Amino acid sequence: MPELPEVETTRRKIEPLLAGRTILQVTHDAPHRYRDTGLAHGRQVSGLSRRGKYLMLHLAAAEADGEEHDLIVHLGMTGGFRLEEGPHTRVTLTTDAGTLYFHDPRRFGKMAVVPRGVYTGMPTLLGMGPEPLSEDFREEEFVRLAANAGAVKPWLLSQKPVSGVGNIYADESLWRARLHPAQSRLTPGEAGRLYHAVRDVMHEAVEAGGSSLGDGLGNYRQHDGEPGAFQGRHAVYGRAGQPCPRCGVPIEKTVLAQRGTHFCPVCQPLRTEDPA
DNA sequence: AGGACACCCTGTTGGC
DNA sequence: TGCCAACAGGGTGTCC
């Protein structure tokens, strides 16, 4: 589930359940994945925010140390919050107003409690590019960086030129911009198209509540048979062999940078000759 | 600097 | 039907 639109949807859904509440206990059995969660005990949640695919629970200062903290949550591939305990519950978050369960079948999700804004040891968060839906995401800068970049899809996935783009939305954005996933050194025209494609795709997906959402908490529900609002609008992702919505040619699937990659061989040709 | 790769985990799917 | 390999929405560390 967790690319920017799904994380943002999660944030919106659980904020009413957590904001203003005091965390009584965070229990789990994997301290290397969920670090320093004991620091959250007794602190009030002052608000929730999101940076790329990271969810931040802002914690008020405790009487003992007078220092604000963040409970950073990364959903990994399959993480999500639910109201009920299940076979894949990894973390139980108890507040003075109820309990929230973090489910994560694949255990790629992570949590850590840190002093506010201290992200040492989290290189992706430290090097995170601008939010695609904010004014900090500027076309001129994006075009400048893209001119010297390597293969465009891995570049997008690095979170450096822009934050929150994952495998699904990278493929969808590249299709809209009519760019081959392995294209490098984008021309200003190409990079401009991609800039707007990323913004549009992310905006539409957030409005739709992301892909594959289910029970009202923004959960990963792919095998629960409840398709998300944006999933039905995918042009290429998960559509190998089916016709391109633009030209009708079958969508191809390859592997690029260890990730499944979907594209239209006609609409998204690889430009081999150097632009003049 | 940046690319390629292994690794962290478990569940589902598709081919034989 | 049953088994097993391949694959899955992400990030990190290491090696070159």
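A Cβ is built for glycine as well, from the same backbone N, Cα and C atoms used for every other residue.
Database features (TrEMBL):
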type	residues	note
ACT_SITE	A:PRO2	active site, schiff-base intermediate with DNA
ACT_SITE	A:GLU3	active site, proton donor
ACT_SITE	A:LYS53	active site, proton donor
ACT_SITE	A:ARG259	active site, proton donor
BINDING	A:HIS88, A:ARG106	DNA binding site
DOMAIN	A:2-109	domain 'Formamidopyrimidine-DNA glycosylase catalytic'
DOMAIN	A:235-269	domain 'FPG-type'
### Task
Using a 10 Å cut-off, grab the number of neighbouring Cβ atoms around the Cβ of A:HIS88 (DNA binding site), all chains included.
16
### Summary
The active-site residues listed are A:PRO2, A:GLU3, A:LYS53, A:ARG259; by CA-CA distance, the one closest to A:HIS88 (DNA binding site) is A:PRO2
### Summary
CA pair A:PRO2 (active site, schiff-base intermediate with DNA) / A:ARG259 (active site, proton donor), Å rounded to integer, equals 15
## Note on the structure
Cβ neighbour count (10 Å, all chains) around A:LYS53 (active site, proton donor) is 24
### Task
Quick one: give me the count of other CB atoms within 10 A of the CB of A:ARG106 (DNA binding site).
11
### Query
Who are the long-range neighbours of the domain 'FPG-type' (A:235-269) in its own chain, taking Cβ under 8 Å and residues 6 or more past its ends?
151, 153-154, 157, 167-168, 171-172, 174-176, 178-182
